[in-house]
Amino acid sequence: MTAILERRESTSLWARFCEWITSTENRIYIGWFGVIMIPTLLTATSVFIIAFIAAPPVDIDGIREPVSGSLLYGNNIISGAVIPTSNAIGLHFYPIWEAASLDEWLYNGGPYQLIVCHFFIGICCYMGREWELSFRLGMRPWIAVAYSAPVAAATAVFIIYPIGQGSFSDGMPLGISGTFNFMIVFQAEHNILMHPFHMLGVAGVFGGSLFSAMHGSLVTSSLIRETTENESANAGYRFGQEEETYNIVAAHGYFGRLIFQYASFNNSRSLHFFLAAWPVIGIWFTALGLSTMAFNLNGLNFNQSVVDSNGRVLNTWADIINRANLGMEVMHERNAHNFPLDLAAFEAPSINA
């Protein structure tokens with residue numbers, strides 16, 4: 001009896017590392033994008049948790065009036081936030097080593113910039129990792145394309161908007177009430193509700209929710225029962241089964257009669273493309289709108305557009321919105337300026353006789 005021993009070629013440590021990184025047999029795929037994604041998202045998450053709990057007040061407006069955002073400084077889960085980097089820093093890169101001390105770095109809101117920059121890199125790498133895993137498995141790349149919509153939205157509020165406004169202090173605070181404050185101030189300064197791209201985004205999000213609910217309920221209502229009445233219909237599905245799990249003809253017939261025939265998809269692939277494309281395209285448009293408003297290309301302005309024969313203004317809903325915008329604008333950053341920008345923009349009258 002002859003035993004043949006095959007000599008395994010010795011592979012370098014680097015080659016084995018590369019094979020492990022790109023292996024689709026791992027419980028969680030890492031990938032080359034994951035090599036960057038994991039440390040950046042861990043850093044952003046860790047600093048966010050620490051700052052949300054214990055960060056000292058931040059001089060957000062750069063006028064020596066610190067604003068408290070952490071739990072240990074009097075906030076709760078609703079009011080708490082990681083306060084954006086100070087207006088005194090503007091758009092300057094502000095890592096820890098650029099500050100004279102850790103206290104100064106915290107006072108100027110350094111953690112916000114650290115979190116946002118690492119988070120941005122992390123979510124971009126997550127998108128790349130989705131593409132990378134799809135590529136390794138021989139799948140099409142549309143999962144990463146769909147994820148690009150929330151990435152674009154996050155990029156708009158955390159990166160593009162501060163760049164357009166000239167300071168990271170204008171970025172969205174990392175908290176619940178901070179998010180709402182950002183939305184209110186954004187409406188006051190940019191009239192976002194009257195921007196067509198934001199309207200498309202609203203249609204995308206609400207429409208996507210409606211279509212998702214319609215699709216899920218139709219499928220659930222037209223399952224092909226493989227079980228008795230005494231057990232759940234869900235128990236009749238076997239993972240990887242070749243048979244259809246629901247009757248698309250029945251679903252098509254129901255919806256076609258509920259609305260009209262051509263309102264219902266008879267092609268499952270077209271249907272699922274539509275379900276993905278509708279909210280993604282809507283959110284793309286919203287991100288694009290935010291990015292244009294970052295540079296003060298604002299929503300449509302119909303203020304005082306209706307006048308009578310004597311030239312008197314007849315107020316419309318646009319004028320009511322404008323008055324609300326002015327009220328919100330004078331209330332935010334109360335001590336940083338005395339008047340809203342559009343009231344302070346007029347040239348002062350001459351006092352010379």
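Cβ coordinates come from backbone N, Cα and C, glycine included.
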Of 29-46, 47-64, the range Swiss-Prot labels transmembrane segment: 29-46
87-108, 197-218 - the one Swiss-Prot records as transmembrane segment: 197-218
Annotated range (Swiss-Prot: transmembrane segment) out of 118-133, 246-261: 118-133
Nearest-integer angstrom distance between the alpha carbons (Cα) of HIS272 (Fe cation binding site) and PHE265 (quinone binding site): 10
Other parts of the chain folded back onto the transmembrane segment (274-288), taken as Cβ under 8 Å at six or more residues beyond its ends: 142, 145-146, 148-150, 152-153, 155-156, 197-198, 200-205, 207-208, 211-212, 215, 265
Shell of the quinone site beyond HIS215, SER264, PHE265, same chain only (C-beta within 8 angstroms of their C-beta centre): MET214, LEU218, ALA251, HIS252, PHE255, LEU271
Winner by Cβ pairs under 8 Å against the transmembrane segment (29-46), considering only 118-133, 142-156, 197-218: 118-133
Position of peak Cβ density within 10 Å, selected from the binding-site residues HIS118, HIS332: HIS118
Tertiary contacts of the transmembrane segment (142-156) (same chain, 6+ residues out, Cβ under 8 Å): 119-120, 123-124, 126-128, 130-131, 134, 276, 279-281, 283-284, 286-288, 290-291, 294
Candidate nearest GLU333 ([CaMn4O5] cluster binding site) in space, where candidates are the binding-site residues HIS198, HIS215, SER264 and distance is Cα-Cα: HIS198
